[in-house]
Amino acid sequence: MALLQTSLIWAVYAIVVAVLVMVASVFIYTYQTPRDRSSVVTFTCIVAITSLLATVLLLPVDVALTSSTTSSKLGQRKPWATQDEVDKIVSLLTAVYYLLYSLDAFLCLLAIPFVYFWYEEYDEVAVESGEQSAAKRLWTAFKYTISFIAIVVVLFIVGFLVPVANIKDSKVSDYLRKLLAENRGERVLTFTLGLLITMGLFLYILYTSTGLAVLPMRMIRAAPSVSDMTWKASTSAQLESNRERQRQLEGRCRGDPGLLSSKERRELDTLVRDERTLIRRQRLAEEADGEGQSRFMRAWLKTTAFFRPLKLLGGIAILLITLMIWISMLLTAIDKAKNSICKQRCGYILSGIGVFNPINWIFVQSAKVFPIDYAVLTVVVLLLFGSSVVGISTIGIRFLWIRIFHVRKGHTSPQALLLTTAMLMLTILALDYSIPMLVAPQYATFGPQTFCDRPQGQQSDCLTNKHLIKPCSELTDNTAAKRVCTPSVTSMFLNRVTISYPFFGTVFFWSQFIFLVIYLLVLVTSFIRHPKLDERLLDQEAEEAEEERLLTSSARGVGDTYQSVGGRNNFSTRAG
């Protein structure tokens, strides 16, 4: 029975990973530009995003496997769950986490930088002339990546040398003391994980909080589209006015612009440029209405218009979910600030839940029937991931106030895509702390596990005394709880980071308040401000689409000419 249950849990995880591959693929193919696609860049981005999401979504497997050793109705371990069996489960999960965290660090710190430099080194002219070989390109990319290798080496050295905290507080339980990184290998991984989460928190605070507020508001109060009748009428009126003014100026000079004054010539040049822009806008509006489109596209446009009310309902549902997440995080943060056993000395670790947390309660109850909790957590994680993507596309990739790259659907360059993937990886690592430690701390630590709170020597289960069944907690001194309760490996990893290096724990904790404040400010701003159509961005996209259309038509023309010339040559050869 135990083997069957364990196999089913891992089978569900395999299905979820397959879904994550599809999610990552859809994201990458949706955002990358069709003109500059690179299979290596695409593959790297998909693997990196899948790996990080798989790490976060290993949590329900962790909780399900550790909770499968106990009976929550009786508050005792199941007959098969000997300490050896429990240790095997914990060891397997620990090995999987080590593998995933190591893979995540490798992809983020080495693989993505290498692929970025490898793509940057590509020179089409040099390749065609034979000046740039594949080996030379790889070597140049490796030379640039050496700086990142040096960073990894420094991290390893610092992780080896930095001493862990010396916890002397008598209130700290033996369980937490045992979490202190004991060997050098654990110290390196613990320190590196803490540093990467800290880096990710800055992105999480800026992008995820913004996206979490903007996403539902975009669905509820969508900006006017190019198919909007008012916008179309305004564009047509502007185009007609523009052409009328051009006719006046051309009539004044009788077809010879040299007769116009310098001011009028500048005005005419501006009118010609504006006319091209207005024609592009008019073409976009016609395409949005299905004119000149295939039957499939016209059917798709009608379907999306029909289901537009569902978008409004979806936006309201997402808004309610995000507000519930915000409230749950705020309640847990206040609970940590008030009831943490050793405050900043151990990174604000919370050993027991003192405040009701709605999201945590939903997870604990759903965990009793696996995989309901898995489905709920997957929705929450993908919502936060999607919010991070929306935040990055809204703000863009910036250095201070300078925008380096735009991230837009169908217009994201491979370099921007790699940087976005690296940012998302760090953001997801920050989520890997926030979800278990603030959104659902009890669920992420013990799940639905309970113990029978009876004095030692009495009956070990509470079959006849249901009121003595209590949820597992690190704070309890009952030996039965220590014998029955098994904390998740996720909670052990994260608590080890915060208790071994309290500085990280303090940064993790206070950054959550900044996240909550920024979310609230952006949400209020989104409520007040009415969304507008970004005509500048629209013109840029229309210009890029026109350039791509011209390039495609010219390439097709060259191909037809080549075929016709080849056909004539073949005919001449046969005739000869």
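Glycine is no exception: its Cβ is also placed from the backbone N, Cα and C atoms.
Noted in Swiss-Prot for the protein shown:
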- 8-28: transmembrane segment (TRANSMEM)
- 40-60: transmembrane segment (TRANSMEM)
- 98-118: transmembrane segment (TRANSMEM)
- 145-165: transmembrane segment (TRANSMEM)
- 188-208: transmembrane segment (TRANSMEM)
- 312-332: transmembrane segment (TRANSMEM)
- 347-367: transmembrane segment (TRANSMEM)
- 377-397: transmembrane segment (TRANSMEM)
- 419-439: transmembrane segment (TRANSMEM)
- 503-523: transmembrane segment (TRANSMEM)
- 549-576: region 'Disordered' (REGION)
- 561-576: compositional bias 'Polar residues' (COMPBIAS)
- Asn570: N-linked glycosylation site (CARBOHYD)
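Taking every recorded stretch in 40-60, 145-165, 312-332 and counting its Cβ pairs under 8 Å to the transmembrane segment (419-439), the highest total belongs to 40-60.
Among the stretches 40-60, 145-165, 188-208, 347-367, the one making the largest number of Cβ pairs under 8 Å with the transmembrane segment (503-523) is 188-208. Taking Cβ pairs closer than 8 Å, the transmembrane segment (347-367) reaches residues 60, 63-64, 67, 173, 176, 324-325, 327-328, 331-332, 334-341, 373, 376-377, 380, 437, 439-443, 447-448, 471, 473-475, 495, 497-499, 501-502, 504-506, 508-509 in its own chain, all 6 or more past its ends.
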